[in-house]
Amino acid sequence: MASKTLQWLSLVGIIWLQSVNGTNSNFPAYSSQLKQLLSMSQVQLNNLAFASDAGKLFGFFPGIAALYFPLWLVLLIGSFLGLAGYGLQYLFITDQISSLSYAHIFLLTVLAGNSICWINTVCYVVTIQNFPSDRQVAVGLTTSYQGLSAKIYTALVDSFTFSPVKRAKAYLLLNSLLPLLVSVMSALFVRDVNVGTGHNMKVGFVAMFVLTVATGIYAVVSSFGSVSSRLPPLGNAIGISVFLLAPLAIPMAEKMKEKFLNGEMKVYIEENVGDHVERIESGIKAEDDQTREDDGVCVEEIGAMLMLKRVNFWLYFFVYLSGATLGLVYLNNLGQIAESRGNSGTSSLVSLSSSFGFFGRLMPSLLEFNLSRSRYMKSRPACIAALMAPMAGAFFLLLSTANISLYISTAIIGVCTGAITSISVSTTTELFGTKNFSVNHNVVVANIPVGSFIFGYSAALFYRREASEDGKCMGMECYRNTFIIWGSLCLLGTFLALVLHARLRKFYSHT
């Protein structure tokens with residue numbers, strides 16, 4: 001059985017991977033510049049946003065690969081796919097390659113989007129394997145860092161370039177290189193460390209949550225215009241980097257503790273504080289037993305083909321489609337939405353949505369950690385319904401011409417989208433088990449490209465209908481109909497989530 005140091009070190013590696021793996025989330029920050037550089041129409045630009053999500057249609061490939069290949073190899077395959085997808089686009093817009101057509105750019109974006117699935121799959125599998133008693137808490141915590149990706153990339157780009165044209169190039173360069181560098185660094189310790197089920201992790205998780213919340217607070221505060229204008233761009237980049245390195249303190253402290261306990265003070269500690277530690281850990285052990293019992297509950301343990309025949313799957317599929325996917329489509333179009341309303345602070349909006357998305361992803365993990373110590377039964381579909389209702393309100397709020405409504409709605413949609421994304425991991429295991437999770441969850445999130453195409457393309461058509469001869473649309477009418485449709489779909493998804501909740505409640509009442 002491996003030490004707790006390796007266990008925590010694997011979690012830190014996953015945090016770093018998730019922090020740089022949301023490469024598609026920074027697309028709104030440079031989409032307007034990319035549109036100008038490549039002389040694209042709004043429909044073509046939306047098709048590129050869809051292409052990034054379309055990579056998830058092939059998300060079952062990394063799921064299958066994770067069953068047969070070493071996880072480090074799956075990780076490196078994903079990072080090299082991202083290098084090819086974004087790297088060739090970078091070479092093209094810097095005039096080092098001159099033979100790429102729009103179709104080539106589209107396919108490269110699909111490839112880059114698929115690379116995210118490979119890295120995500122490794123992160124999920126390792127977290128579930130290394131934290132069997134706290135897998136839902138650990139997955140939620142690590143997944144929350146993917147919500148920071150756009151903030152991290154924006155901070156790095158702001159630190160060394162201000163030219164709008166150069167920003168698009170900088171984002172593509174970072175998207176191609178940063179995940180590869182972090183994957184190579186993390187490949188050695190992001191693996192199954194054979195931890196068993198006997199380790200109490202409560203103190204470590206409390207410390208990790210404190211560091212994570214502090215990171216989120218810094219990200220949110222530094223995203224506000226009044227603060228970001230005073231904070232030097234390089235200082236902001238260094239600040240976020242320090243917070244990302246901070247979790248290393250936990251495995252380092254664990255290693256020092258192991259050495260200390262194996263030294264000359266071992267007898268003294270056992271005689272003087274052993275009883276106290278035993279009393280604490282005995283109480284925690286009982287709580288952990290209950291946690292394992294709750295974590296082991298699932299409706300049925302099935303594979304992907306059988307899952308597709310279940311009513312619960314299709315209810316869950318359409319709930320996710322009208323919730324998290326709809327939120328992601330909004331965030332993908334954030335750059336064009338801000339431009340149409342005459343707002344020039346796209347980078348601030350992207351950082352804001354990223355920071356609030358981070359807290360949204362973190363909230364379910366915090367609740368899970370606290371409620372797992374009680375016998376309270378958590379209803380994940382009910383939680384999703386509770387999150388989709390304010391999302392619907394946020395879409396309708398966007399009909400207001402007030403500039404502040406754009407920021408409030410973006411923050412709400414960021415929080416709710418992040419939270420639903422985090423909850424969905426646990427929902428998939430609850431509905432369909434953990435044995436085939438790597439394939440099942442990739443099938444579930446295949447709704448993202450479907451929704452991205454349908455919702456994004458319809459929004460582009462409404463935009464084009466209101467656009468002037470030069471293809472640009474300015475004013476509230478550009479997205480008015482889109483926001484009404486999206487808000488109504490969100491309300492429908494809220495109803496479907498309540499139906500799924502009722503079905504699960506009925507199942508548990510008979511078991």
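Going from the start of the chain as shown, residues are counted 1 onward.
Every residue gets a Cβ built from N, Cα and C, even glycine.
Here is what TrEMBL says about this protein:
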DOMAIN    7-252  domain 'Nodulin-like'
DOMAIN    299-509  domain 'NFD4 C-terminal'
SIGNAL    1-22  signal peptide
TRANSMEM  67-93  transmembrane segment
TRANSMEM  105-127  transmembrane segment
TRANSMEM  170-190  transmembrane segment
TRANSMEM  202-221  transmembrane segment
TRANSMEM  233-250  transmembrane segment
TRANSMEM  313-331  transmembrane segment
TRANSMEM  351-369  transmembrane segment
TRANSMEM  381-400  transmembrane segment
TRANSMEM  406-432  transmembrane segment
TRANSMEM  444-463  transmembrane segment
TRANSMEM  483-502  transmembrane segment
Region pair the transmembrane segment (170-190) / the transmembrane segment (67-93), three or more CB pairs under 8 Å: yes
Confidence summary for the domain 'NFD4 C-terminal' (299-509), mean pLDDT rounded: 86
Range from 313-331, 381-400, 444-463 with the greatest count of C-beta pairs under 8 A to the transmembrane segment (483-502): 381-400
Top partner of the transmembrane segment (313-331) among 105-127, 202-221, 381-400, 406-432, 444-463 - counted as Cβ pairs under 8 Å: 444-463
Distal contacts, the transmembrane segment (202-221) - CB-CB under 8 A, six or more residues away: 4, 8, 11, 134, 137-138, 141, 144-145, 148, 151, 227, 239-240, 243-244, 246-247, 249-250, 254, 284, 288, 351-352, 354-356, 358-359, 362, 365-366, 369
